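Undergrad: For reference, the structure I am asking about is given below.
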Amino acid sequence: MTKTGLAFSGGGIRSAALCSGVLRRLLHKNVVPDYLSCVSGGGYTGTAYLDWKYRNERKDDPTWHKEFFDSMRKRVGYLCDWQNPLQGLADAFSIVIIVVLLSIIFPFINWFSYALPTAYIVDHLFGEMLRGSFTCPDPKTHNFTSSEIAENPEVSNFVNKTKEKECFLKLGPGLYLAVEEFGLFFIGFFFLFVIKTLAGQSLRPLVTVLFNITGFALAMTFLPWFIEQFIVFTPMWLNVLLLVLSIFLWLGIPPLRDKACLAIVFYIYAYVVKWRVYKTDVLSIAYTDSLFNILLWISGILIWIRPLFILSQQSLLHAYNRWRLQKAFYSPESRAASSFLEIACHTAFPSFTCCKGTAESLNRPLTLKDLSGLAPEYICNVTVNHWRLQNSQRDPTFEPLTMSPSRIETIVKEGEGKQFENRLHPEDIELSEAMATSAAALSYHMGRYDIAFEVVDDLQVILGLGFGKSIVAEKKKWTRPCFKVMTVVIQLVFGFPILLLPMIPYLGGSEDWNRIAVISFLAIFFLLLLIAVMPTGAENPGFWETFVRWCIVHVFQVRFIREHLGVVNVGPTPPPILYLSDGGHTENLGILPLLKRKLEKIVVINAGVVNGRLGLAHSLFHALNQARNKLHCSFTALDGGDITSNIRAMIVDVPSGKHPRSFRFKVQYSDFKDDGGPEEMVGEGEILYLLPRHPQLGLSEQSSNWHDLADDVNIDIEADLWGLGPNVESKEVDSLTCGCCECCHVYALHHLSGSCCGVFPNHITANQFFTPAMFSAYHREGYHACMEGLAAEFLGFSMNE
């Protein structure tokens with residue numbers, strides 16, 4: 001029997017609307033494919049359909065089909081629904097709260113909890129050297145002693161004149177020693193930069209760590225010294241101006257641009273170090289030992305609980321987006337199965353079983369395993385970042401991953417890609433979790449788009465702007481109760497020296513205890529840093545690698561350091577923590593898993609955006625290249641001609657008004673012989689490629705309404721909601737401007753909206769604020785493309801018929 005597949009591409013809510021039209025046409029024709037592969041927004045429709053089908057006795061029925069599509073249209077404003085003004089205000093307020101948490105509160109706690117410990121350590125190690133080149137006044141009187149005036153006569157001009165306590169540069173051995181120290185740090189920094197550039201894969205993580213440490217030490221010694229030297233002679237407004245100009249300098253130099261956000265953090269750290277080392281005012285805040293000790297003790301507490309805030313920050317957007325999508329498109333039973341707090345808790349702390357619903361609950365959230373035996377078989381496409389299967393610099397540092405009710409695997413040749421056997425199972429992944437992860441277009445790790453987003457990478461990390469998901473690859477192995485206890489103990493040990501430092505003077509401790517506390521903290525930190533850069537991924541990991549993998553899962557500092565340094569897992573064994581993002585970060589059409597199964601009939605819906613001169617063919621060219629490299633497939637035109645020339649002739653180089661909504665071509669599947677001989681063709685198939693068109697660009701044909709189709713299929717579509725028929729008119733779609741309210745849809749805003757948010761059928765993916773009118777237009781265009789391409793007939797007959 002012919003095996004068929006359907007691929008819903010990525011494209012956010014635009015893709016969900018377009019693919020819903022294709023799905024509706026197939027259901028009207030009673031055609032259900034064997035497999036449904038979804039990427040990003042295509043998964044909104046795909047998973048929602050399967051969820052409704054599961055809740056309706058696992059059977060298709062026109063009654064609930066109509067309710068399902070009407071519900072999707074009504075709830076399309078899933079992020080901010082302004083159909084009801086009060087609901088729109090509530091949604092907008094919740095978004096503002098999340099933005100404040102992510103951009104202000106969490107970054108302050110996560111990044112600046114180490115500012116005061118850093119200042120204390122720099123003062124302990126380099127304080128005398130940094131102060132040796134300055135003459136500082138008395139902390140109470142803000143004046144200089146006679147011996148200080150004799151040593152540095154220039155300060156006599158400032159006696160009884162300084163409003164704030166500032167230090168003054170003095171020539172002498174102290175200044176020369178400071179310059180020598182800065183020079184040594186800079187030479188080491190430059191030398192390690194050269195080594196890092198030339199180092200091989202095995203040495204690069206360690207050299208990168210040393211490079212970062214040296215750079216941080218240089219910044220934390222030179223910047224406070226530089227600020228203290230010039231702050232006396234420059235007014236406040238000029239200091240602020242210099243800070244702003246220096247930030248623009250970082251942004252203006254390409255090699256430094258991607259580190260501009262970290263530079264801002266360094267500047268803030270430098271002012272805290274200056275406050276401690278020179279005990280001079282910062283932002284009119286006077287330094288006192290008691291105030292510093294109180295703040296240091298608070299920092300210790302924040303370091304103790306910092307993992308909770310980081311995990312919450314990294315998972316908040318994912319949890320919120322998942323909850324909103326589930327609440328908008330899933331069945332009423334699934335919408336009631338879990339609240340936002342339950343989803344957020346389970347996302348941030350998956351090992352805590354109290355966050356999960358009971359397995360016996362009838363309306364519990366569905367897992368991929370629940371969909372076993374349900375047609376079509378759902379395939380979720382995601383990207384695993386920081387993983388390279390082969391030890392080759394030419395290979396990318398990310399891999400495509402598919403999750404289905406039957407298996408979880410990578411996209412490689414048939415018989416391979418079984419790295420997740422006995423590790424991650426379909427019952428470990430909830431359906432809405434898979435859907436939201438596949439739609440994580442904006443993540444900390446962006447697959448093939450990492451280079452393009454390198455400039456804002458640090459800003460994303462600082463502000464927590466990521467929809468991605470991290471999953472433990474071996475959940476059942478690493479979630480025993482004893483491991484949870486050990487995790488808490490390690491976290492307490494790590495923060496204890498910082499809590500001890502401000503208490504030493506009150507406990508009668510000597511300077512030796514200060515030294516012991518600092519050394520203990522640094523020793524623990526460097527030990528965790530060393531573990532974080534250790535290689536993982538060997539096919540048969542030994543004891544040491546198993547220990548490293550355990551630390552990555554359970555010691556939060558190791559995990560965060562490794563993630564921030566971008567250490568890549570090299571080898572066939574999956575990373576201990578899977579950093580998952582949008583499937584479109586590898587391949588946006590979702591065709592690869594269908595080609596891996598060597599299906600005879602495949603329908604692909606491309607709801608992506610127009611990209612350069614190739615337009616909507618860009619994603620197709622990329623997917624075919626991936627299939628050639630990973631699956632050794634070959635493609636030809638229907639007449640056996642060259643596929644590249646055929647695509648250009650049929651899709652790219654077509655005059656306006658003649659653009660087709662469908663394109664068909666052939667695929668040949670190859671495999672190695674059993675005796676290891678050369679590849680031979682083991683099968684072939686046919687692919688139908690569907691794509692949307694503007695009414696003025698697509699092929700002109702006679703308009704039809706829903707009643708005209710009634711003889712062909714059982715139609716029950718309300719014209720008031722869905723228009724008169726599948727054909728949309730130019731005047732209808734040209735008024736669909738950006739905005740989350742239908743009152744914004746006026747033709748007068750057409751050109752303005754087109755310049756910032758695109759026009760039908762290519763509204764930008766970033767615009768997730770769709771209205772029911774926009775959903776209807778894309779839904780009808782999907783239905784129209786499915787009709788024009790005869791997709792139902794294509795899937796309903798075998799190749800030999």
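The backbone N, Cα and C atoms fix where each Cβ goes, and this holds for glycine too.
Copied straight from TrEMBL:
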TRANSMEM  92-112  transmembrane segment
TRANSMEM  175-195  transmembrane segment
TRANSMEM  207-227  transmembrane segment
TRANSMEM  233-253  transmembrane segment
TRANSMEM  290-309  transmembrane segment
TRANSMEM  485-504  transmembrane segment
TRANSMEM  516-534  transmembrane segment
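Show me how these features fit into the shown structure, please.
TA: Counting residues 6+ beyond its ends, the transmembrane segment (92-112) has Cβ neighbours under 8 Å at 79-80, 265, 268, 302, 306, 309-310, 312-313, 316-317, 320, 462-465 in the same chain.
Within its own chain, the transmembrane segment (516-534) has Cβ neighbours under 8 Å at 117, 120-121, 124-125, 205-206, 208-209, 493-494, 497-498, 500-501, 504, 544-545, 548, 551-552, 555, 557-559, 561-562, 565, 567, counting only residues six or more beyond its boundaries.
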Undergrad: Compare 175-195, 290-309, 485-504 by their Cβ pairs under 8 Å to the transmembrane segment (207-227) and return the stretch that comes out on top.
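TA: That would be 175-195.
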Undergrad: Near the transmembrane segment (485-504), which same-chain residues lie under 8 Å Cβ to Cβ, leaving out any that are not at least 6 residues past its ends?
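TA: Contacts with the transmembrane segment (485-504): 117, 120, 292-294, 296-297, 299-301, 303-304, 307, 513-514, 517-518, 520-521, 524, 528, 554-557.
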Undergrad: Give the nonlocal contacts of the transmembrane segment (175-195) in its own chain as ranges (CB under 8 Å, at least six residues past its ends).
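TA: Non-local partners: 126, 129-130, 132-133, 169, 207, 210-211, 214-215, 217-218, 221-222, 225.
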